Amino acid sequence: MGFKSTGCENSSSSCSGGLIISRRESIDHSSGSRKTSTLLENDVVLDSCKTPMKQPECSTRMDCIRDDEFDESILEEIDDFCMQKSAAKVERSVPSGDILAGTQHNSNSNCDPGASLDSTNVHDSVVKEGTPVSASSLDSRENDSDTSQPTRTGDMPEECGKYLQSLNDRQREAACSDISIPLMIVAGPGSGKTSTIVGRVLMLINEGISPSNILAMTFTTAAASEMRDRIGAVAGKATAKELTISTFHSFSLQLCRSHAEKLGRTPEFLIYGHGQQRRAIIEALRLSENEKGRQSHNACILGEDSSGITSPQYFKDKSKTWLKFVTKAKASGKTPEQCREMGDEIGAAILGNYNDILRSCNALDYHDLISCSVKLLTNFPQVFKECQDSWKAIVIDEFQDTSSMQYNLLQLLASHKRITIVGDDDQSIFSFNGADISGFDSYRKDFPNYKEVRLNKNYRSTRCIIEAASSLIRNNRKRCQLKDVLTDNSSGSKITIKECHTEDAQCSFVVDKILETASNGSASNCSYENIAILYRRQVSGKVFQMAFRERKIPFNIHGVAFYRKKVVRAIISMLRTTLPACDDGPYRRVFKALLPFEKEEKKKVIDHIDKISTIRKCSFISAASDIFSAKISGTFKRSQLTQGRKVLSTLEMLSKLVHREQSISAVVTSVANMVPQKYLLEQRAIIDVDGGKLLNEDNDIRSVLHYLLDDVSEFISTKFVAVERDNKIVSKEKGCLSVLKAFIEFISEREQENFQSRRQDNKNSITLTTIHQSKGLEWDVVFIVKANESEIPLLHEFNGMAKENGTSIEEERRLLYVAMTRARKKLFILYVMMNSNWQMIQPSRFLKEIPDHLCEVQAELRVQDLQTKQEHIPNGTTRFSVNMPREKEVSEVDMVPNDLLNTCLHKDLNETVEASNGSSFLRRFSVEDRSVISHLFHQWAKKQAFQNPKRLLDKVGFVIDERQRAKKNKHKDVLSALKLCLSCDEAFQYAEYVLRWEQIPADKRAHLMREKQEHFQKLRIEKSMGTSAPTCKQISYLQNLGCTITPTSRLHASHLIEQYKSL
């Protein structure tokens, strides 16, 4: 085919392979229940070539035998094989030993899983759906029905046979299924999905498919590496290296580069990341505004006044919205022509302009990699034939995360029908990245003779956690309903649901509970490494980082290893440049970090310096000095020369600092503060959904500095004996140069250790991570924090209509389901009453869906539900009576076909939060009028007769009418305006907010009000300090502390003083 995709992107070995996917329960959708078992039974392998004779595409390899050496005994073996095939037809009524207990067969080609079940699973039907029962008791009954049947592992290597025998019945059934029939494995949390995938790959190899013809696709390089390691442990490293285990984008990148000329690109085309995509969107918007009829036609379509339509801020504000539109359009395979047919002219124009910009820049984005691969396989038969010849079997992992275009790619690659997909529709949580849960239905339709096996035994969590999570996810409508969850684990302790006043109170509870859980005297005695804190958005984890540092609790931020972060590498590189005989690498990274240009412009500058360095045969820094010392250049602009001189000046100043300063801590602090804040935010493309970063990255320079200073302290305490009280290491000559050299060597050793053993890196440390990043991981104790409306769910109904579409609510429920199933033994779910802006917020609506008998509620404020109607509760369970949000009567609507419409409906998260706490209603009025309205609502909310929001609104309206009839009315205009607004949804939400506040005990209200006033007083002080220049006293004090940074404001100076005083 011209290329071989590697298993990991960093792997240097060339290999090929097949796609891998996993599932739970067993349902056979082939043409007959006994037909499949006969095929499995009659798999005979010739000893001479080890090739299954039942498959025409894997025929006996006779070309390897010369004519004069032909052995006629092979003909006798073929005759024996044909006789066995004939005898097997007579035995079709005998159950095959290869179909294991627990298999469910469908007598017709109906695609509905579970449409008809055979007698094997009669016992399963007795179990209530979603209720975990003892797996051992059910498995024993299944095994009794077919205990005499052998598994098909006799012709395998001994290690592979032992591995398959170690699987449970359903895992083994999935692994040993007929490879000529498309296989769907539904694998729930903790069901042994990876073990089953490994078994399936071993079975494909045993059936005669070469490892080099198996393609396994995953979504992360870490998953690909783990899969390769586990296969290598059983089948040998040589076999594992031959497999192609790749991510979707890595595979597509190799394919596109191999045939770039067919795509109108060169093989060196660029890959646009998130930042470059947004700049391309801005340019596409500008082009759309410059088209014919911009002043009239386009202005109307965009719904904007033409006065500010060409301002840079306008394009910047619109770019985020339109980037989401382009991402969704490309993930679903939508073209500008299709947008135009749907009547979306402006969307078609922007999408077309965006594609033209990428083409002119010889670039593709990540979604283009998939769509262009589909285009190559569809429009170029020779490329399709190459792929078919290269990949004889495909296995796909995490199928629920595939987009529509990725599914189209899989369908083309798997035209031979030897495909295995593994996934769980209940764990589909990446729709913001194009994932389409409808891929399962498409698979059932496009592969009608598929077989479905469900892995329904959970090895991870306690029975209580499994049942609670199952009760939650059963409220989703768009899912496979027949999912019996089995477990041999104990019931365990109940789920703790904790109500906290504020985020600080929530943090204090978590810290205290962690110290209690991890203490030696605790019954659980759980180590730090088995504890995790999960949150929806990265900002929620900051308070825990600060608290853990203060309490000296070790923690790690799940994501990029600390010393592999770009910002840390930049700091270390700056320190390396001060050492004698420094090579070009650190200088190159310093220029990349300090040049304030866009990525492509930086690359151009650095490449030119490298070119001059090569021509003159000098060092990188010498070439840079010669280039930027010139006042005029034919290559660079004047601004580029100026910025280059600034970098050289910074390096010179840093060298002088190291030779003058005697405290290594002061040097590290100064260098850390030299790194531009903008560079910190470019660490990687982070998906941003409604202002919340869903993937982990720590962009706080102070936290990075704290980590480095901790290393300095450890270095001083372990590598040097003589240490002064202020942690200054005095060198008689050259400042702290010798100490800095030793410190960098210490860092290099630690970096190497971290790179070799990531697991050892985080040993005995608490994990802080987002829920999206926690997928696939597990811990003994899990804290899910800030389970509130506007967090989980992040996207929810606003003003009586779905904020995006009905499916978004189901995905939010799936997100909480994934978080809950990360816990092995104990689960805590916490929510707060007040957000960081001191507005009351509500607990997540999903907490009501957890049965009362499975949870222990620790609510300080046990208020009654404000709902006026009693909702139906599944399975007759009761719900705990904490304050829950009012359910709006909004049905689960289907996907809106026009993505532009979805984007227009999409409001900012802050507006949603304001709607839930009532502040958006008060914003209709002036500051002076708000106090009158607030007093009126609170006055009558205290009365027992008006504890219902509707009654409260009716009473307020009645009072307004009375006051309007009075002769003396001080606030006539305010009350008249209020009367007109009482019928809106925002007024109802404000009434709910007032009632919730009045139901808080008076002493607690007073305490919250004092904290609120102190909070805003602190913000006012910081704001005034942030806008005023630093005082002479602050600057003088910083200079005495050894600070070389010039503060930009009083607030900045205050922060610098705190940092340097801590040294």
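Placement of Cβ uses the backbone N, Cα and C atoms for every residue, glycine included.
What TrEMBL says about this protein:
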REGION    98-160  region 'Disordered'
COMPBIAS  103-123  compositional bias 'Polar residues'
DOMAIN    166-462  domain 'UvrD-like helicase ATP-binding'
BINDING   Ala187, Gly188, Pro189, Gly190, Ser191, Gly192, Lys193, Thr194  ATP binding site
DOMAIN    463-776  domain 'UvrD-like helicase C-terminal'
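Structural mapping of features recorded in TrEMBL.
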residue : record           : Cβ neighbours (10 Å)
Ala187  : ATP binding site : 31
Gly188  : ATP binding site : 26
Pro189  : ATP binding site : 24
Gly190  : ATP binding site : 21
Ser191  : ATP binding site : 29
Gly192  : ATP binding site : 22
Lys193  : ATP binding site : 27
Thr194  : ATP binding site : 18
**Message:** When DSSP is mapped onto helix/strand/coil, what comes out for Gly188 (ATP binding site)?
**Reply:** coil
